[in-house]
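Colleague: One structure, as structure tokens, below. Some questions next.
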Amino acid sequence: MFGADKGTADRLDGKKLHIGIVQARFNSGITNALAAACCAELLALGVQDKHIMQVQVPGALEIPVALQAMAERNHYDALIALGCIIRGQTYHFELVANESGAGVTRLALDYQIPIANAIITVENLEQAIARQSEKGADAARVAVEMANLLDALS
């Protein structure tokens, strides 16, 4: 299977950016890998370690409220949501996936702050493992690119 062509920005520069990360602890093996890949990519893009604030919440449904608290402080240039929702035998998967995603999007629009949504939704653990590193790094690139874009538009 071929991956989607995501395109790449010319040059991403995170040197002056402050980034907030909210990571769900549920499925921590996956979310820890997402966070590690995300932070490594932020550093590679020039974001200073001291300008990265990372917090953890119990699960994906709690991510939006922590993002909101960060957005209200008006200290961050971009935020990143990290989580992993694996389909189970109940409707709960759809509820958590839909509500966490809607919350992240609403906050980005309400606060006019870029939020890279790397709350991955998968059918099984194998899919989560296959996506964890790539999606974490993708989230970092999205956050830096969108922070720079919104700065240029203001």
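For all residues, glycine too, the Cβ spot is worked out from N, Cα and C.
Pulled these features from Swiss-Prot for this protein:
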ACT_SITE  His92  active site, proton donor
BINDING   Phe26, Ala60, Leu61, Glu62, Cys84, Ile85, Ile86, Asn117  5-amino-6-(D-ribitylamino)uracil binding site
BINDING   Gln89, Thr90, Arg131  (2S)-2-hydroxy-3-oxobutyl phosphate binding site
Colleague: Between Asn117 (5-amino-6-(D-ribitylamino)uracil binding site) and Arg131 ((2S)-2-hydroxy-3-oxobutyl phosphate binding site), what is the CA-CA distance rounded to a whole number of Å?
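Modeller: Per the Cα atoms, Asn117 (5-amino-6-(D-ribitylamino)uracil binding site) and Arg131 ((2S)-2-hydroxy-3-oxobutyl phosphate binding site) stand 14 Å apart.
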Colleague: Other than its own, how many Cβ atoms are within 10 Å of the Cβ belonging to Phe26 (5-amino-6-(D-ribitylamino)uracil binding site)?
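Modeller: For Phe26 (5-amino-6-(D-ribitylamino)uracil binding site), the count of other Cβ atoms within 10 Å is 17.
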Colleague: If you measure Ile85 (5-amino-6-(D-ribitylamino)uracil binding site) to the residue listed as 'active site, proton donor' at Cα, how many Å is it?
Modeller: 10
Colleague: Please list residues from the chain of His92 (active site, proton donor) whose Cβ is under 8 angstroms from its Cβ, counting only those at least six apart in sequence.
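Modeller: Spatial neighbours, sequence-distant, of His92 (active site, proton donor): none.
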Colleague: Determine, to the nearest whole angstrom, how far the Cα atom of Ala60 (5-amino-6-(D-ribitylamino)uracil binding site) is from the Cα atom of Arg131 ((2S)-2-hydroxy-3-oxobutyl phosphate binding site).
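Modeller: Cα-Cα, rounded: 17 Å.
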Colleague: Quick check for the class: what is the C-alpha distance, in angstrom and rounded, between Ile86 (5-amino-6-(D-ribitylamino)uracil binding site) and Arg131 ((2S)-2-hydroxy-3-oxobutyl phosphate binding site)?
Modeller: 12
